[in-house]
Amino acid sequence: MAYDVVVIGSGPGGYVSAIKAAQLGLKVAVVEKRETFGGTCLNIGCIPSKALLHASEMMAEAQHSFDTLGVEVTPKLNLPKMMAHKDATVASNVNGVAFLFKKNKIDSFRGTGKVLGQGKVSVTGEDGKVEEIEARNIVIATGSDVAGIPGVSVDFDEKVIVSSTGALSLEKVPGHLVVVGGGVIGLELGSVWARLGAKVTVVEYLDTILGGMDGDVAKQFQRLLSKQGFEFKLGAKVTGVAKSENGATVTFEPVKGGSAETIEAEIVLVSTGRRPYTDGLGLAEAGVELDERGRVKTDGHRTNVEGIYAIGDVVVGPMLAHKAEDEGIAVAEIIAGQAGHVNYSVIPSVVYTSPEVASVGKTEEQLKAEGIAYKAGKFPFSANGRARAMLHTDGFVKVLADKDTDRVLGVHIVGFGAGEMIHEAAVLMEFGGSSEDLGRTCHAHPTMSEAVKEAALATFFKPIHM
Amino acid sequence: MEEISTKVLVIGGGPGGYVTAIRAGQLGLPTIVVEEAKLGGTCLNVGCIPSKALIHAAEAFHHAKAQEKGASPFGLSVASPTLDFGKTIGWKDGIVGRLTNGVAGLLRKHKVKAIAGKAELIDGKSCVVRMADGDKRIHAEHIVLATGSAPVEVPALPFGGPVISSTEALALDAVPATLVVVGAGYIGLELGMAYAKLGSKVTVVEAADRILPVWDPELTAPVAKRLKQLGVEVLTATTAHALSDDQRALVVRQSGSVDKLTIAADKVLVAVGRMPRTQGFGLEKLDLTMQGRFIAIDDQCATSMRNVWAVGDVTGEPMLAHRAMAQGEMVAEIIAGEKRSFDKTAIAAVCFTDPEIVSVGLLPNQAKAQGLEIVIGNFPFLANGRAMSQDDEAGFVRVVARADNHLVLGIQAVGMGVAELSSAFALALEMGAVLEDIAGTIHAHPTRGEAFQEAALGALGHALHI
Ligand SMILES: Cc1cc2nc3c(=O)[nH]c(=O)nc-3n(C[C@H](O)[C@H](O)[C@H](O)COP(=O)(O)OP(=O)(O)OC[C@H]3O[C@@H](n4cnc5c(N)ncnc54)[C@H](O)[C@@H]3O)c2cc1C
Ligand SMILES: Cc1cc2nc3c(=O)[nH]c(=O)nc-3n(C[C@H](O)[C@H](O)[C@H](O)COP(=O)(O)OP(=O)(O)OC[C@H]3O[C@@H](n4cnc5c(N)ncnc54)[C@H](O)[C@@H]3O)c2cc1C
């Protein structure tokens, strides 16, 4: 029997694509080599990291802010139990995907998928048995894997020198955690362990953390993390990560030149990015082209081979679960003969630290570089009533709009719950809305989101509460 | 008598009044605001802000208690948390103080003169304020009435002694051992739940046959369930009769029963609604057209008398701070010569219970009552990854749309933290979104906001994650 669609990989890109295709009446199979469905995101990414972030935030709140509220406690950590919460969260998520596959009558094949060419996929099971499946359409959704440090050999043992995967399952709170790479994943997992008591040092090549984020945001955010005890070594090129007697050492030198420095760590988390994962997929033999960075080359989600599509972390674009999901939906629609489409200019991104960082659209630096005339409005949470009532006054909202048309081009938020607040900006931008549209929409009081309204008011005229 | 002339005279310094005054000041209009109590009105002093602060503190204590009992799944344990309620109230007062001082500062910054005293209207152009250092008579081209509202009394239970309004409930010396709340509206339940979390034995008495009767039972069920878990007894179809003779209990009668029930009550919080403040300051001299108990206004907040405007609670339902503020902002702009009218499609109502409830636009039964054929999409948080990682999966997001053209008519949600989703809901309605617009807006993963997108997908017949 030939399937209409065979999806290789069951991460957010793959499983969503499969469900959508099945809903559109197509006969679908999914190939997954991992024991459970859900890919990086559900097993070793978004979900377990957010579970630990939430739990550790409860700890931090109990330690630092309860006292102000008149609630006196001495919290104690039970790390195995916290890990059990994380594992339970992962389990309920991955089981949810399995249930959805069943419900949508999607077949699954456990094993490593290989593209044999147009219309054919093989699956090699753990026992080495190979099965061939016919597929009118193939969707490559094999995601990404840990990248390591370019030019430096890193021996991940996932105990002392760990990737994000190991950092999600440490057996005890390290005394000193050195994080190589000041991007989203490093800062999130660094935050988890910092809140639980670790001293955290971040070593980053660029002169700023969260490279690519709005400069104002990154600067303010770094200040807030420093207040939480983070130490930063910026503009630092890591030249070696090695195990030592008491843990490991990280050696780095200033990017601008100068003498090298070596620091001791109990645990080193290398979070310098992820690489597209196409190992063993047989793409070269099948004639599927990759780009210069090893990503599957696509045009409108299609590869150069008829009937083969690719989505998610394995193709160009931000490595985000919801971007993968949206591409998954678009591909399913295209295969079903509909007009699938992804609006790449409105993809929100969130950093789940405390406070959170969220943004959608262009940064101020991008607008400058592109020579677009813009205006900006900013509003601090310190002037927001709900923020005061919840002791979450750090951060601000920044709205960027076209100078002439007032169309909103970007919104950036540092603050508690920023990840939920960013969606109104996404909805607005999908409508091509102006800062006046945003500022004149009635925002419920007292909410943190009123700061979004105030920043919009500040963009086209003046804020009320500042 | 000192005589003062100004362009704009605002009576009342609550959110309606102070926002009118700030905006007028920003627009260069000479403005005076008269406030007899404290700047910030009900909202900042005895309403939204202090209640949310108390709710936040109660939540913190409740969490700590749960952790003591080992009920926390997050791996935190605490040794017998204690509550220093005096400190809690002091903290709350500190926030109120900072915010009301903030309002005073903003008025000063925008060159608005604030006069402390009671304004008594003389006619539609002037008022007198009696003050210790002599009376002042103020003439103005425009008068804006923003006198707000006050708690409604139950004739059989006059305020005083153990019978308190929300105002006193926000400033108690100690957590009462037993508290009876009369009225299961949002104010009664917000405060009742907070005290239950702080340790009171709480009973809620409601005349209607269910809690929060303005909303449908589906929307309020998660709150009813949580009340039960907190040990709050809810007596519906029950009316408060009188205090017992010893003043230590409340006597109630359940409908259909002749027997009376006596419930122990150190305090009885009467929260059966609020009434507009229209008496005692000479309003009758203006002989304005009324709408029931409220001052009648048109879509520009103009009253029946030229250049007399009214904003906020004194103008009717919904009695919400953000409606008052939006009206105030608009009136100032109209006085400054701008063309504006109040055409809000959406004014979100938020109930800060546990879990929170949000409603924007039409409820399903309201849409049906208008003769509309509708589709409904409902997505539960138990299928949302973020909710799982926060270990609070109660509730859902529900979208109501026209069946024929998919125009979104209403959006409701119940769940932890949904207050912050309300702005995106309101914006979607303001933009005239159809289901496809919401379904096609990428929502960041993992966030609770994804449930909004999924509910829209669900209404279209193809939810992905359920
Ligand atoms: C620690 C961490 C935290 C993160 N947090 C967030 C976050 O908060 N929000 C967010 O949006 N993103 C987050 N991400 C990124 C997110 O996980 C990815 O963007 C997302 O998982 C990409 O989805 P995908 O479907 O493209 O690939 P993946 O999720 O990587 O899934 C690919 C799947 O394909 C399988 N596979 C690969 N090759 C084969 C083969 N040949 N045969 C069969 N199966 C194969 C793999 O086993 C895997 O299960 C995080 C990532 C990490 C590491
Ligand atoms: C416990 C509680 C919780 C609430 N929570 C929320 C919430 O979470 N969200 C929300 O949106 N709303 C909430 N509200 C409602 C909100 O407080 C009101 O809708 C809002 O304050 C109305 O603003 P206003 O300006 O119309 O009137 P008010 O805030 O009542 O202000 C009127 C002011 O006018 C003054 N005044 C009256 N007459 C005169 C006079 N003759 N001379 C001088 N001054 C005068 C009064 O002293 C008062 O300060 C809550 C209310 C209560 C009681």
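Including glycine, each Cβ sits where the backbone N, Cα and C put it.
In the record from TrEMBL, residues A:Gly181, A:Gly182, A:Gly183, A:Val184, A:Ile185, A:Gly186, A:Leu187, A:Glu188, A:Glu204 bind NAD(+); the candidate from A:Gly113, A:Gly117, A:Gly273 listed for the same site is A:Gly273. Taking the binding-site residues A:Lys50, A:Ser144, A:Leu187, A:Ala321 in turn, the residue surrounded by the fewest other Cβ atoms inside 10 Å of its Cβ turns out to be A:Ser144. Secondary structure at A:Cys46 (disulfide bond), as computed by DSSP, is helix.
For the domain 'Pyridine nucleotide-disulphide oxidoreductase dimerisation' (A:347-456), the DSSP-based tally of helix, strand and coil residues reads 39 helix, 33 strand, 38 coil. Note on proximity: of the binding-site residues A:Lys50, A:Met319, A:Ala321, the one nearest A:Glu204 (NAD(+) binding site) is A:Met319, by Cα distance. Ranking the recorded positions A:Cys41, A:Cys46, A:Thr142 by the distance of their Cα atoms from the Cα of A:Ile185 (NAD(+) binding site) places A:Cys46 first.
Cα distances from A:Gly183 (NAD(+) binding site) to the recorded positions A:Cys46, A:Lys50, A:Thr142, A:Met319 are smallest for A:Met319.
A separation of roughly 7 Å, to the nearest angstrom, links the Cα atoms of A:Cys41 (disulfide bond) and A:Ala321 (FAD binding site).
Those binding-site residues from the list A:Lys50, A:Met319, A:Ala321 that have a Cβ under 8 Å from chain B Cβ atoms: A:Lys50, A:Ala321.
Within the set of recorded positions A:Cys46, A:Gly181, A:Leu187, the entry lying nearest in space to A:Ala321 (FAD binding site) is A:Cys46 (CA atoms). Closeness to ligand 1 is met by A:Ile185, these being the binding-site residues among A:Gly181, A:Ile185, A:Leu187 whose Cβ falls under 6 Å from the molecule.
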